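Engineer: Straight out of TrEMBL:
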type    : residues                    : note
BINDING : 12, 13, 14, 15, 16, 17, 118 : ATP binding site
BINDING : 16                          : Mg(2+) binding site
BINDING : 34, 58, 80, 137             : substrate binding site
Ligand SMILES: Nc1ncnc2c1ncn2[C@@H]1O[C@H](COP(=O)(O)OP(=O)(O)O)[C@@H](O)[C@H]1O
Ligand SMILES: O=C(O)C1=C[C@@H](OP(=O)(O)O)[C@@H](O)[C@H](O)C1
Ligand SMILES: [Mg+2]
């Protein structure tokens with residue numbers, strides 16, 4: 001059985017931060033799909049979007065996701081759009097457990113507003129863009145195996161505790177040592 005734990009959810013929900021924390025706690029390899037795409041391309045995400053476009057980025061994202069899931073035993077932090085593709089959802093579901101970090105708009109905005117690293121938010125009205133993306137994507141994120149509600153006051157450690165407790169309750173075999 002493949003036992004990857006795959007974090008999904010909006011930009012700023014904490015997928016990268018919580019994934020790294022889970023990797024330390026559970027002593028599992030950690031992959032962040034954005035970081036892997038950047039490494040392979042030797043370019044930043046904004047550079048890839050501006051030079052090659054979103055469709056190119058999405059193709060690389062699907063490739064990287066398949067590659068990192070093949071390890072079978074990893075913590076994988078996806079980018080916020082990865083879960084929108086049916087093929088990516090199928091791949092994740094075949095290879096482990098999906099965990100949606102569900103986060104309110106104010107918290108998301110607070111975390112992403114000052115960072116120029118997310119090309120989809122380089123718009124005239126970025127907060128509205130974030131709100132629209134959240135509304136569009138919420139029903140699709142809701143297809144995840146597990147939903148964790150995280151908000152402004154939570155620390156990374158607390159949210160990681162919640163993720164581990166939820167996995168223990170739902171599918172403890174995922175946490176067993178190999
Ligand atoms: N409870 C929490 N969970 C996740 N991230 C948190 C939390 N509290 C504060 N943060 C901070 O919010 C930011 C979340 O950004 P990031 O992990 O890059 O999100 P994502 O990968 O989902 O876009 C990080 O700077 C992280 O340190
Ligand atoms: O939501 C999205 O479509 C995106 C989210 C980003 O990752 P984070 O969710 O880790 O910020 C990154 O993959 C890219 O900017 C596109
Ligand atoms: Mg991230």
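Backbone N, Cα and C atoms are what each Cβ position is placed from, and that goes for glycine too.
What you are looking at is a predicted structure, and each value in this text was computed from that prediction instead of being measured.
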Engineer: For residue 118 (ATP binding site), name the DSSP secondary structure in the helix/strand/coil scheme.
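Structural biologist: For residue 118 (ATP binding site) - judged by DSSP and reduced to three states - the answer is coil.
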Engineer: What is the number of other Cβ atoms found within 10 Å of the Cβ of residue 17 (ATP binding site)?
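Structural biologist: Within a 10 Å radius of the Cβ of residue 17 (ATP binding site) lie 18 other Cβ atoms.
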Engineer: Taking the center of the Cβ atoms of 12, 13, 14, 15, 16, 17, 118 at the recorded ATP site, which other residues in this chain have a Cβ no more than 8 Å from that point?
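Structural biologist: These residues sit around the ATP site: 9, 10, 11, 18, 77, 80, 101, 111.
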Engineer: Between residue 16 (ATP binding site) and residue 80 (substrate binding site), find the distance joining the two CA atoms and give it rounded to the nearest Å.
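Structural biologist: Answer for this pair: 10 Å between alpha carbons.
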Engineer: Using a 10 Å cut-off, grab the number of neighbouring Cβ atoms around the Cβ of residue 14 (ATP binding site), all chains included.
Structural biologist: 24
Engineer: Using Cβ atoms only, which residues of the same chain lie under 8 Å from residue 15 (ATP binding site) while being at least 6 residues apart in sequence?
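Structural biologist: For residue 15 (ATP binding site), the qualifying residues are 7, 8, 9, 32, 77, 78, 79, 80, 101.
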Engineer: I want to verify one value. Collapsing DSSP to three states, which class is residue 15 (ATP binding site)?
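Structural biologist: For residue 15 (ATP binding site) - judged by DSSP and reduced to three states - the answer is helix.
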Engineer: Which of the binding-site residues 14, 17, 58, 137 have a Cβ less than 6 Å from any atom of ligand 2?
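Structural biologist: If the test is a Cβ under 6 Å from any atom of ligand 2, the answer is none.
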Engineer: If the criterion is a C-beta within less than 6 angstroms of any ligand 3 atom, which of the binding-site residues 13, 15, 16, 17, 58 pass it? List them in sequence order.
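Structural biologist: 15, 16, by Cβ distance under 6 Å.
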Engineer: Out of 34, 58, 137, point to the one nearest residue 17 (ATP binding site) in space (Cα versus Cα); all of them are binding-site residues in the record.
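Structural biologist: Sorting the binding-site residues by distance from residue 17 (ATP binding site), the top entry is 34.
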